[in-house]
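As recorded in Swiss-Prot:
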type	residues	note
ACT_SITE	Cys84	active site, nucleophile
ACT_SITE	His175	active site, charge relay system
ACT_SITE	Glu177	active site, charge relay system
BINDING	Gly52, Glu53, Ser54, Arg111, Ile139, Arg140	L-glutamine binding site
Amino acid sequence: MQAGVIAVQGDVAEHAAAVENAAAAHGEPAEVVEVRDAGIVPDCDVLLMPGGESTTISRLIRREGIDEEIREHVASGKPVLATCAGLIVCSRDAKDDRVDALGLVNVSVDRNAFGRQKDSFEAKIPMTGLDEPFHAVFIRAPLIDDVGEGVEVLATVDGRPVAVRDGPVVATAFHPELTDDSRIHDLAFFPEQEVVA
């Protein structure tokens, strides 16, 4: 399995380790490639859109021509995991003119709605598709404030969606790569198999 991490900005190394662990659990080797330029995404089986700064990520993927390749990847049914800023970039509406949302996940989001850096928090959250709660790390997390047709809510915190699936895209408001638990990557890239802790 070739996994591309959109590496224009954000948590690259952590996602690489998590996808390697998820693939290994299924007896499948993973080659992780960093995507900084156009021409790499078409060769990838799965994509990771990491956290970071959504305005920067949006601008750089558009400038490099990666945005259209990501859209084509999803249109072909190939999996994507988008986390935190990745969720914002992949949303239908980022409610920020500086973010050119890709429209891959039929949700609207409010950037940093869970608060500033000092308001970061961690929570054990039950999640559809996982046998045990997931330890989620929220850092300047976005809020999914509108869920459109065709979107499955996978997890909530205080009644607010924090993880969703829209076709081949799993998107989270939190950072699963900042834990030693690769089950979210597993859920995104091996959806047909049971995910156990």
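Placement of Cβ uses the backbone N, Cα and C atoms for every residue, glycine included.
Distance between Cα atoms for Glu177 (active site, charge relay system) and Glu53 (L-glutamine binding site): 16 Å, as a whole number. When other Cβ atoms within 10 Å of the Cβ of Ile139 (L-glutamine binding site) are tallied across all protein chains shown, the result is 21. Counting neighbouring Cβ atoms within 10 Å of each of the recorded positions (Arg111, Arg140, His175), the lowest count belongs to Arg140. As a whole number, the greatest separation of Cα atoms within the L-glutamine-binding residue list Gly52, Glu53, Ser54, Arg111, Ile139, Arg140 is 13 Å. Ranking the recorded positions Glu53, Glu177 by how many other Cβ atoms lie within 10 angstroms of each Cβ puts Glu53 at the bottom. Counted within 10 Å of its Cβ, the other Cβ atoms near Gly52 (L-glutamine binding site) come to 22, all protein chains included. According to its DSSP assignment, Ile139 (L-glutamine binding site) is coil.
Gly52 (L-glutamine binding site) falls within neither a helix nor a strand when secondary structure is assigned with DSSP, and so counts as coil.
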